[in-house]
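K.L.:
Below you will find the structure I want to go over with you.
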Amino acid sequence: MQLFDLWTDLLDLLTIVAGPTAVGKGTVISHLRKCHPQVKVSISATTREPRDSERDGIDYYFVTDEVFDCMVRSGQMLEWATVHGLHKYGTPKEEVERLLHTGQPVILEIDLQGMRKVRKILPAVRTVILLPPAWDDLICRIKRRGSESQDEIDARLATAKKELEAIGEFDYKIVNADVEIAANELWLAMNRV
C-alpha cells in the first residue's frame, strides 16, 4: 500500500491554504492557531534566505539548492516548485505524514503550483484560496514588507495575477480584509465535510 493510500483515511484533516504573495496567509493561519491550537501547520523547505523574523525549523526549513535537489531526487517531497522564478519551495512528505498521524487538523500553506500537484495525488483534498480585498491592497502589503527588491516585487506580482486567475480551482475563497474574520472563515471551511 502506498503512502498516499494511507493518507486517504486522514484526508478530512488536511486543508491546503494558498493565495498570492503578501495576502496574509501566515498571519491568518497564526491567528487561527491562537484560537485553535490543535491545528498543525506543515513546515515547507525553501532555498531562499530567511527574513529577519523567520527561524529555521519553525517558519521554514532553509536549505541550500544542493540539499533541496537531493530531497527532490530521493522522493522526499510531496510537492515542490520554483516560485516567482527565484527560489525553490517544497513540502516534505515525512512532515505531512507525521502531522496527519496526530489526528489533528493539518494545514499546508503552499502556492498554486503546489496545490495542483497535491490535488493530482489527492483529488479530494480541501483547498482554500486567500484573496486580497483589492489588487492595490496587495501591492501596498508587499511594498510595506520592505524585504524584496523591485525586481522581486514585480516577479511576485506577476505570479499573483496568475494565482488570482485560478480562483475557480479552489473549493473555498476567503477575502482577507480582516484577519479575525478570515481566520474564522478558514476554520469553518476546514470543518466542512
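Positions of Cβ are set from backbone N, Cα and C atoms, glycine also.
The domain 'Guanylate kinase-like' annotation in Swiss-Prot covers 12-191. The ATP binding site annotation in Swiss-Prot covers Gly19, Pro20, Thr21, Ala22, Val23, Gly24, Lys25, Gly26.
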K.L.:
Take the Cβ of Thr21 (ATP binding site) and count every other Cβ within 10 Å, whichever protein chain it belongs to.
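P.N.:
That number is 21.
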K.L.:
Which Cβ among the binding-site residues (Gly19, Pro20, Gly24, Gly26) has the fewest C-beta neighbours inside 10 Å?
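P.N.:
Relative to the other binding-site residues in Gly19, Pro20, Gly24, Gly26, Gly26 has the fewest Cβ atoms within 10 Å.
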K.L.:
Can you list the residues of the same chain, besides Gly19, Pro20, Thr21, Ala22, Val23, Gly24, Lys25, Gly26, whose Cβ falls within 8 Å of the ATP site's Cβ centroid?
P.N.:
Leu130, Pro132, Leu138, Arg141, Asn176
K.L.:
Same chain only, sequence gap of 6 or more: which residues have a CB within under 8 Å of the CB of Ala22 (ATP binding site)?
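P.N.:
Sequence-distant Cβ neighbours: Pro132, Leu138, Arg141, Ile142, Arg145, Arg156.
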K.L.:
Please give the average pLDDT for the domain 'Guanylate kinase-like' (12-191) in this predicted model.
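P.N.:
A mean pLDDT of 93 is what the model gives the domain 'Guanylate kinase-like' (12-191).
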K.L.:
Let me spell it out: for each of the binding-site residues (Val23, Lys25), count the other Cβ atoms within 10 Å of that residue's Cβ, using every protein chain shown. Which one has the most?
P.N.:
Val23
